[in-house]
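Q: From TrEMBL, for reference:
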{"type": "DOMAIN", "residues": "3-70", "note": "domain 'CDCP1 first CUB'"}
{"type": "DOMAIN", "residues": "79-182", "note": "domain 'CDCP1 second and fifth CUB'"}
{"type": "DOMAIN", "residues": "188-291", "note": "domain 'CDCP1 third and sixth CUB'"}
{"type": "DOMAIN", "residues": "315-403", "note": "domain 'CDCP1 fourth CUB'"}
{"type": "DOMAIN", "residues": "407-497", "note": "domain 'CDCP1 second and fifth CUB'"}
{"type": "DOMAIN", "residues": "514-627", "note": "domain 'CDCP1 third and sixth CUB'"}
{"type": "TRANSMEM", "residues": "637-660", "note": "transmembrane segment"}
{"type": "REGION", "residues": "733-812", "note": "region 'Disordered'"}
{"type": "COMPBIAS", "residues": "748-757", "note": "compositional bias 'Basic and acidic residues'"}
{"type": "COMPBIAS", "residues": "775-784", "note": "compositional bias 'Polar residues'"}
């Protein structure tokens, strides 16, 4: 097909047909047997041409430029037409270059459906776009790029304007969609009018966005809003230039305001809940010539109906709270807060200060209201920090980790409450749940409560995700070495009722050896599932975890593991599993990572389970899960008979000794009494059973000593070679109680202190010692709670023993 383009000289129109940038093709234009790849048709030309291919729209574009002079001659007011007709169906760009004086600006008026501003790089759905540039002398300012179907109805510009319309080759549009309305002096860069009808949301940008607003310029947006609607302004992206003089600011002219114009910084919360139409102006400053910086602004205006409950205020009393923030926000914040195209929920500190996100700090009282149709769209996220600053005082206080009433009484669902627990060196953190206790969320025993706790311990090298826990389990206490973050997360609507019974507490305690220690006190009828932290990614290298399992009275426990091996291959060091009952002389079960885990076994007393990791090779992780069940102890008839027989033998021995003593009394001299000032000579009163242990009563101090003992000093004076084994018994005044059977892993040896009144400890194991022994043993002569001395524990004779004089627990 052939195309004929005829241009009149008076039209000042030039048509350029050329190949698309970056496109190479054999398709060309033929004009009177002349082949061309580019054609320029000037005013007064009449050209007929054809294409050498059937699909020229893939390779060619058309630019049509019209020059309009509104300075030396009359300005052609009215609709701007798409001229000339008869152009081929190619991607077309119409450019209108209008010259005008700065004393008489131009007004461009757009026909419905008006325009919508878009960000640079964004495309319009129908591929039809407008670009507006203001020309002041020789400077050009890009006012913005716009699509159809928006709210921008008029644009007034100071000086001339370059208006561009881009149409795709298949567009049926036959009109430009705008007209030159009139000339009027505006004394600012531009004025953009936006008409909003009904509930809606628009996004606008400052000129030259994002490259920077012109220096010391002023522009205005006029928002036409029905008087029965409410508008709110939100700044989403802005930056400031370096000012030498003046100050960058935003000014609002709000009809009925007592202080027009209202001046705001760009960093301030902008006005909200504005009734009816208003103006907003952006003022630049004189910039530093050496480092000008960039002033730019992207903002949103949301229009919505007045809310029925907008005058209802809610009291949030945070005056007695410390180090706490409460944030009210839309669901999905902060990862997902899009620029929405419809009305949303707003949170207001006062009738004109509203935002989609509101953060309240502790130490104050707030009265807030909501501009929201449905409060179920809103959520609360709170954060509280508890710090141990003075070690002398922080160890005496127990903190309650419960959600304050100021949060639960709001008609907003709590999404998350975070406690950040910070402790100094050598002070650790203990989490307890005395009444409800905690259940670890594992695949075999999932939490089904309305809330759960996620506990993360921050080690110097990496985070240790201790696990997810919910109330109603068997874990009574968790002790951790490092700073901790506890996140309470809610599920469903039942939290308000269940939160009344929260009993999670924390305290700062002396240094512990393991990275984490669990104290488990189960119900006899329960089946307890437990697994290593950081599940399913495995324990970090050289981390040691312990569980202290309390066996209910009159019951025995059965311990079983979910798999046969630990599943880890060590690059450096060895991984160990240790199991030991808390009893004198109890045997210890030790397994390395290359050995099979123990078969299910019964435990008659409280027992420890300890897991110590090595440095694994790549892609292997130490993950361990086990469970414990309980059964009532069965009394063995053989044991009963043995006890009765033993009692009979003891009775016979007692009678024999009694008879011998009576006979001896008749033949021997009377005993000699030796005065002992440490003996209580008063008549003892009636005491309750077991009010004192053997370590602190005086029943073991000898008040009467045999004759040979009285004269023992004579033997010492006679230079005899025989030294009698005579001494006065002294009561034990050392520490009483068993210690957790797990020494620190290699990475924590630096905290071990040497006691000044104990024997010298063996040297600490070095990283080259692969056979790491993970239970601490008491020395042979050290006393237990029952006053007896431990025998040497049985175990691998090639494994060195570690000694410990530390006791874990809370210092009141």
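Placement of Cβ uses the backbone N, Cα and C atoms for every residue, glycine included.
Bear in mind that TrEMBL entries carry predicted annotations, made automatically and left uncurated.
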Q: Average pLDDT across the domain 'CDCP1 fourth CUB' (315-403)?
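A: Reported value for the domain 'CDCP1 fourth CUB' (315-403) is a mean pLDDT of 85.
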Q: Looking at the stretches 3-70, 188-291, 315-403, 407-497, which one shares the most CB pairs under 8 Å with the domain 'CDCP1 third and sixth CUB' (514-627)?
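A: Counting Cβ pairs under 8 Å, the winner is 407-497.
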Q: For the domain 'CDCP1 third and sixth CUB' (188-291), DSSP counts of helix, strand and coil?
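A: Each residue of the domain 'CDCP1 third and sixth CUB' (188-291) counted once, the result is 0 helix, 52 strand, 52 coil.
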Q: For the domain 'CDCP1 second and fifth CUB' (79-182), jot down how many residues DSSP puts in helix, in strand and in coil.
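A: Final tally across the stretch: 0 helix, 62 strand, 42 coil.
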